[in-house]
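Peer 1: Sending over a structure as structure tokens; questions will come in a sec.
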Amino acid sequence: MSIEFSKYQGLGNDFILIDNRSSHTPLVSPEQAIKMCDRHFGIGADGVIFVLPGTANTDYTMRIFNSDGSEPQMCGNGIRCLARFIAHLEGGETLGKTYQIDTLAGVISPRLEAQGQVKVDMGTPYLLAKEIPTTLGNSNDKVINHSLEVAGQTWLVTCVSMGNPHCITFVKDVWGIDLPTLGPQFEHHPGFPERTNTEFIEVVRRDYVKMRVWERGAGITLACGTGACASVVAGVLTNQCDRYCIVELPGGNLTIEWSEMDNRIYMTGPAELVFTGIYNL
């Protein structure tokens, strides 16, 4: 069996996009997704994204399998890629066009902007420990600058969910962090029953930060959209960032705004088609 695909990337966070509008069930299994994402023996990607029929009042449904076969609730860079892929499927891009996308994290609304940019209404952040979820602190409290022991060190962490869990810690130098060693230990820390994404943040100015990320189920990636959103929220909660902030990632920059008007987070960044092809399953 063969399947058509398109590969997109958002700041180097790359995905295999599949037109799954004919079925409510992904056309590829998690095991097959692992093989497709393999950078030596497959197409190579951080995950596989499926465009399924919409439900209720949504236009489409988004499902994702990570490169390890796990299924996250949402992916910020991925949904920007999804929006441009949908525009291609519909016959072309219309600036200002907004899609209502059903995800496991709720309904997300990406809007097509000029020069390949996509602005996404990421919804409101979840801040209580039980919503992350994490067992750090009291379940009905926010987790802000909480002490966490990892790799023989004490880290001050702030936890935020964007529909998926994030653990954010602020450091002096993001490039001085041993991410391959620390990332897995944060991800699998017993304080996070569903594992966690982990962001290391260096504040350059209140409106500009640098970020490196270890993604749950994907490891080190060049960018993470939900992580950038969660990190700005953490920066505001710890009084280190403004609500409008540029996040510099290894793959490029994202513009994040946590609106005081409606408490929603807006993420703007690029998404680009890399190539299309046919894969033999």
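If you go along the chain as it appears here, the first residue is 1 and each next one adds 1.
Using the three backbone atoms N, Cα and C, a Cβ is placed for every residue, glycine included.
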Peer 1: Given that Swiss-Prot annotates ASN13, ASN66, GLY76, ASN77, ASN164, GLU215, ARG216, GLY225, THR226 as substrate-binding, name the residue from ASN140, ASN145, ASN197, ASN239 that shares the site.
Peer 2: ASN197
Peer 1: For the active-site residues CYS75, CYS224, which one has its C-beta crowded by the most other C-beta atoms within 10 angstroms?
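Peer 2: Per the Cβ count within 10 Å, the most buried is CYS224.
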Peer 1: Could you give the maximum C-alpha to C-alpha distance in Å for the residues ASN13, ASN66, GLY76, ASN77, ASN164, ASN197, GLU215, ARG216, GLY225, THR226 that bind substrate per the record?
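Peer 2: Overall maximum Cα spacing for these binding residues reaches 17 Å.
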Peer 1: Around the substrate site recorded as ASN13, ASN66, GLY76, ASN77, ASN164, ASN197, GLU215, ARG216, GLY225, THR226, what other same-chain residues have a C-beta within 8 angstroms of the site's C-beta center?
Peer 2: PRO72, MET74, CYS75, GLY78, VAL213, ALA218, THR221, CYS224, GLY227
